[in-house]
Amino acid sequence: MQPKVPLGSRKQKPCSDMGDVQRAARSRGSLSAHMLLLLLASITMLLCARGAHGRPTEEDEELVLPSLERAPGHDSTTTRLRLDAFGQQLHLKLQPDSGFLAPGFTLQTVGRSPGSEAQHLDPTGDLAHCFYSGTVNGDPGSAAALSLCEGVRGAFYLQGEEFFIQPAPGVATERLAPAVPEEESSARPQFHILRRRRRGSGGAKCGVMDDETLPTSDSRPESQNTRNQWPVRDPTPQDAGKPSGPGSIRKKRFVSSPRYVETMLVADQSMADFHGSGLKHYLLTLFSVAARFYKHPSIRNSISLVVVKILVIYEEQKGPEVTSNAALTLRNFCSWQKQHNSPSDRDPEHYDTAILFTRQDLCGSHTCDTLGMADVGTVCDPSRSCSVIEDDGLQAAFTTAHELGHVFNMPHDDAKHCASLNGVSGDSHLMASMLSSLDHSQPWSPCSAYMVTSFLDNGHGECLMDKPQNPIKLPSDLPGTLYDANRQCQFTFGEESKHCPDAASTCTTLWCTGTSGGLLVCQTKHFPWADGTSCGEGKWCVSGKCVNKTDMKHFATPVHGSWGPWGPWGDCSRTCGGGVQYTMRECDNPVPKNGGKYCEGKRVRYRSCNIEDCPDNNGKTFREEQCEAHNEFSKASFGNEPTVEWTPKYAGVSPKDRCKLTCEAKGIGYFFVLQPKVVDGTPCSPDSTSVCVQGQCVKAGCDRIIDSKKKFDKCGVCGGNGSTCKKMSGIVTSTRPGYHDIVTIPAGATNIEVKHRNQRGSRNNGSFLAIRAADGTYILNGNFTLSTLEQDLTYKGTVLRYSGSSAALERIRSFSPLKEPLTIQVLMVGHALRPKIKFTYFMKKKTESFNAIPTFSEWVIEEWGECSKTCGSGWQRRVVQCRDINGHPASECAKEVKPASTRPCADLPCPHWQVGDWSPCSKTCGKGYKKRTLKCVSHDGGVLSNESCDPLKKPKHYIDFCTLTQCS
């Protein structure tokens, strides 16, 4: 049990545990239980917008008799609810609001239930008419989310206080006549428990740890200790709004697009037993609170939380195994929930994330202070987009929003990576690991907004682009109008707990009664009263403040956001050589509020800058400089090498990773990603003029201008027509052993290509290409040492790509003018066959003395397309066209210098099936069976998943009959 504290003091507990709540098992009708589940989800959203994930609070409660009436005339959709409590009148003005429910959402049960196995609820009837939202005492800062079916349930917020209302249980309930027309209700009025709660300092813990860095989104952490890893570089304020980290390439970047998080809510048996018939309503109320939080403009994105399915587990053996081990429970739930999800995103019941609510006290690795747990950055991973929430009352709404934040790749606000963005206000936002008080004007921190924007901009939220077909409508009533302060205390501290009135903490902190050593004490978990909780005559709590209900119109009407003007262009990422600069605009003209839509469209624009050539830096490329910058930080030794010298690695790097700073340890062969992104403006690869922008490769011309169409001609002239150079070529054969010169290529040569084709069907014929520098040193295959794999050779600012000596077509190519002369050689070893080596390159023509202006045509090429295969032997194609000086089609181009339109690629062998030896026969006589292992292996012998191998080539006979001898 949670220790109690004396009256007047405040109990603070870390965010992951809200205390041991008395488990009251109650058996009620299943439909009502499911309604409470829906209401809980609705309240989750409202409270998340007002507070934090699992904060201790102070509460008091009162028995009230709600007065409900419909507005006459044209405003017939408006419902007014009056509550007299805590020495004040609370007037709730409510409008129907079931927008968080999918129109055709499915409610399912697992195991024993009083009703049918699955219910498909019509959103226009059944549940949808139950839910309302609105304001309290007209206060524009207030909010309410209520259900008016089977009594009043829900929460509302007024002037820093949260109010929770629900029907009074047992003998405390007396039914009277309601103030509604008889045709609308045949029931009599019912006493309700109204709880009022204020928030204090302190908080509970989330199960996500911040002591390590976060991996890329496609990593798969298996334990809590690796769940919250982060990229190497810290985000900086000027990076706000820009994507960071690796990810799939998106066609539209820096664009604000509407996202829809289709959600399945799951309640285990402990939830069904505790909440009984009110379960579904309770869950939807929580979720509606969370949904409103994700509509706040401080998140800087258009994110809509919707419920498409609710599943209640009535027999725990048929659900996921739920234990006090939060990490294990999360793993079990993630594995279990996948079986209930349709693989097709077009299925109306397909969900993007699943949330398990349980009354089980969750524990972390050291303490039981865990209120929730989720993996980080997994929203579109069907196997890991899930979270576990410990239900400790309506404050579980905060936990829900917080854990969903982790699923959206948000770290805790006090993580070191957020320090430069959040400043000193890291404990006043939803993603605070220990929330003391919520900044209602900005519930999401700058770091949270930056991280979710980066996450979505880098293509990790593509599954959220489809608008749900049949979302479940969420209740619009404020939670405080559904669950009073007393009921809120019962949710948190047990059925015997009541609200402790405290005028100083009205709306800010909910205090509740308890006993310690036989004495009556007040205790709190420092959560505010639920929005909609009455805080005086005509007033209610909204966002921790007690406000007039008459001000409802100021915050009940949604205001849609609109883009403001573009800001000034920022600093250029490079001082020369072609950098990138940005301009941004904000959704602040006006800022969306009251659930209004966030702006859609491009939020960031970028352009090229400082495109002039850089001064010669010993012939080093810009990527070389970035790799070498890590030399002084790399003191670890590899083998006998005293230190590490880093050089760029291009060969073997996946196209999607070209804009990571992948560097190779010189002379060793190890390579690492030293930075998740190169500096903006860095060329993507030596054979392309495209440049990197925020970790993604974008097209640029040879003039270093983004979106320019200019290309280098064969002479290496940007935008040239190929008329300023001439082709030099030759074919050489040799039979003598040792090293022999083929050709010395002078400085200034462009488009160098040397080909050495081995005999058909042979990987090598005893002859290999080599390169010697002008000073006599070898930069390739010298001293009878061969490089068998594809690699890039960086020499004096020139990058040469070598195919590797084991390739069927041994080849050397260049992509920029040669800075110094190089000699191409052939190495003959053993009884080598006579090699045939062909070379071509282009040299600048000498200046002519006459003034004739000839008509020129040239071959114009486009960039290489994708390889036809990822392994084995594939091909790449590109468009090669003959055009005149004006860019029009022509036919005068010399065919002998026509660039190739195809080239081989993907030389690495494909994964293949490998069978093991047969096992002994299962019988020593007569007909038995034998079997052998089957596995998928890579070209280097590593074991892969079976999906990596060709299923059409899978051996069929890895089990067979056998007969050693006939039985006598």
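Including glycine, each Cβ sits where the backbone N, Cα and C put it.
Residues in the domain 'Disintegrin' (477-559) partition by DSSP class (helix H, G, I; strand E, B; coil) as 20 helix, 28 strand, 35 coil. Here Swiss-Prot flags 477-559 as domain 'Disintegrin'.
With helix defined as DSSP H, G or I and strand as E or B, the domain 'TSP type-1 1' (560-615) counts 0 helix, 15 strand, 41 coil. What Swiss-Prot records for 560-615 is domain 'TSP type-1 1', and it gives sequence analysis as the kind of evidence.
Within the domain 'TSP type-1 3' (912-968), the DSSP-based counts of helix, strand and coil residues read 6 helix, 20 strand, 31 coil. Among the features that Swiss-Prot reports, domain 'TSP type-1 3' is placed at 912-968, with the record citing sequence analysis.
According to Swiss-Prot, the N-linked glycosylation site annotation covers Asn548 (among others), on the basis of sequence analysis.
Annotated N-linked glycosylation site per Swiss-Prot: Asn721 (among others), in sequence order. In the three-state DSSP reading, Asn721 (N-linked glycosylation site) counts as coil.
According to Swiss-Prot, the N-linked glycosylation site annotation covers Asn765 (among others), on the basis of sequence analysis. The Cβ of Asn765 (N-linked glycosylation site) has 17 neighbouring Cβ atoms from other residues within 10 Å, across all protein chains displayed.
In the three-state DSSP scheme, Asn783 (N-linked glycosylation site) is classed as coil. Here Swiss-Prot flags Asn783 (among others) as N-linked glycosylation site.
Taking all protein chains in view, 12 other C-beta atoms sit within 10 angstroms of the C-beta of Asn946 (N-linked glycosylation site). The annotation N-linked glycosylation site is assigned in Swiss-Prot to Asn946 (among others).
Neighbour density at the Cβ, taken as the number of other Cβ atoms within 10 Å, is lowest among the glycosylation sites Asn548, Asn721, Asn783 for Asn783. The separation of Asn765 (N-linked glycosylation site) from Asn783 (N-linked glycosylation site), Cα to Cα, is 19 Å.
Separating the Cα atoms of Asn548 (N-linked glycosylation site) and Asn946 (N-linked glycosylation site) is a whole-number distance of 64 Å. On the 0 to 100 pLDDT scale, the domain 'Disintegrin' (477-559) averages 84 in this prediction. Of the recorded residues, Asn765 (N-linked glycosylation site) and Asn721 (N-linked glycosylation site) place their C-alpha atoms 40 Å from one another.
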